[in-house]
Amino acid sequence: MASALFIVVLLTLVSSGALATDPGPLQDFCVADKASPVLVNGFVCKNPMKVDADDFFFSGLNKPGNTNNKVGSNVTTVNVNQIGGLNTLGISLVRIDYAPYGQNPPHTHPRATEILTVIEGTLLVGFVTSNPQNRLIFKVLNAGDVFVFPVGLIHFQFNPGHENAVAIAALSSQNPGVITIANAVFGSNPKIDGGILAKAFQVDKKVIDYLQSQFWEDNNN
């Protein structure tokens, strides 16, 4: 009997841990009080009597982002930093604009799964599974198509067409975070030792030195 109870408790803990993402709400809402000096996992709640509709509102997602940059894309973010009412609700949104041949380069969201739908244009999208398989799973999407990027996995989008493309994506965190792989590896501050990266990538250290000079300058200007 005791062993059976232990198994039930263990399964409950495992399943609850697997389902956990952002901290769940314990009241109707917990609008982020960004002026509070108190540091918590997320944000302290604003006085609910001082909450109004603007705490749950954002305007401007209909406006194209500026894709005139090195990667040819722009991400307009709508997370808890833009809408305080998202605090504890475990969801956020982005609009991604792509110039012809533009890309949202390989990156990962450490705290969220992403579900993306193409609004206009065509995108080549994909993600890479974890070690040791490192399998690339990819697909070409057209307007109306939907694709999911599992939490934590490296993924990308590329516009292979001659026209602009637009996508909307939802993420399962109020603050998903983003780590762009090339920027993190070659543009870290302070720099990762070039010898370490040369051995990791099996290239000449001069190649690493060049990449670090390019990405470090971009990241720290």
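Residue 1 is the first one shown; counting continues down the chain.
The backbone N, Cα and C atoms fix where each Cβ goes, glycine too.
Sequence annotations record features per position, and here TrEMBL assigns signal peptide to 1-20.
What TrEMBL records for C30-C45 is disulfide bond.
According to TrEMBL, the domain 'Cupin type-1' annotation covers 59-209.
For H109 (oxalate binding site), other Cβ atoms within 10 Å of its Cβ number 23. Residues annotated as oxalate binding site in TrEMBL: N104, H109, E114.
Non-local neighbourhood of H107 (Mn(2+) binding site): I154, H155, F156, V178, I179, T180, I181, each in the same chain, at least six residues away, with C-beta under 8 Å from its C-beta. Among the features that TrEMBL reports, Mn(2+) binding site is placed at H107, H109, E114, H155.
Apart from N104, H109, E114, the oxalate site neighbourhood in this chain, defined by C-beta within 8 angstroms of the site C-beta centre, holds V94, H107, T108, A112, L116, F149, H155, A169, L171, P176, V178. Summarised as a single figure, the pLDDT of the domain 'Cupin type-1' (59-209) averages 97.
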